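Down below is the structure, laid out as structure tokens.
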Amino acid sequence: MAPGLLDLVHLTTWAVCAVIKLPQLVAVLRARSAWGLSVGSLLLELAGFLVFLRYQIYYGYPLETYLEYPIIIAQDVILLFCIMHFSGKAKRALFYAAVFWVGWYMLTLHKWIIDLAMNLCTFVSAASKLVQLQHLWQTKDSGQASALTWGLSAYTCATRIITTVMTTNDLAVLIRFIIMLILNIWVTATILHYSKNKKTD
């Protein structure tokens, strides 16, 4: 891949990630409801993102290969707080913040911890998607879940498969993005399916 094309892939990934959670956030704020969204799914997703970011920093990978993660994490935190606020569980946010802060520090106490965490991170992130899927299947209602947000997530996974192959070629990272791509497409399709059903009803 030409360097210019690689730069374009990086740029489009960052641009998408700058607004990736906004459709979801707008849907929640407009409805003043978190119906259709799973707090457990979001917490698992956030944990996966934090581990992934810490792993990239620890091994000194190029900043352009993970620059979007601080942006996504910030949006996830805002979205999580909004969901907890509308669910009447805002006080729990401080507890979760403390847990994540301690986890961030402990991840790099030893090399084996961050390596193990990275391998588990794929399972945690996959679990976050499966929890959201289960929530959709149980309720048979997409609620405030945004197909656009999940579709954009699928796009960024696809671009990161390309950039990982072209830069770090880290197998653990590559496997993570392939699994996330499949699951993000699955969640997007499920949301669209239940949204369509709702309109026809």
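Just so you know, glycine gets a Cβ as well, placed from its N, Cα and C.
A quick note: this is a predicted structure, and the numbers were derived from the prediction, not measured.
Annotation source TrEMBL lists transmembrane segment at 12-29 (among others).
The annotation transmembrane segment is assigned in TrEMBL to 36-57 (among others).
Annotation comment: TrEMBL describes 69-86 (among others) as transmembrane segment.
Residues or ranges marked as transmembrane segment by TrEMBL: 93-114 (among others). Counting residues 6+ beyond its ends, the transmembrane segment (93-114) has Cβ neighbours under 8 Å at 43, 46-47, 50-51, 54-55, 58, 80-81, 84 in the same chain.
Positions annotated as transmembrane segment by TrEMBL: 173-194 (among others).
Residues 52, 55, 118, 121-122, 125-126, 129-130, 132-133, 136-137, 140-142, 145-147, 150-151, 153-154, 157-158, 160-161, 164-165 of the same chain lie 6+ residues outside the transmembrane segment (173-194) yet bring a C-beta within less than 8 angstroms of a C-beta in it. Among residues of the same chain six or more beyond the transmembrane segment (12-29), those with a C-beta under 8 A of the stretch's C-beta atoms are 37, 67-68, 71-72, 75-76, 78-79, 82-83, 86, 144-146, 148-149, 152-153, 155-156, 159-160, 163.
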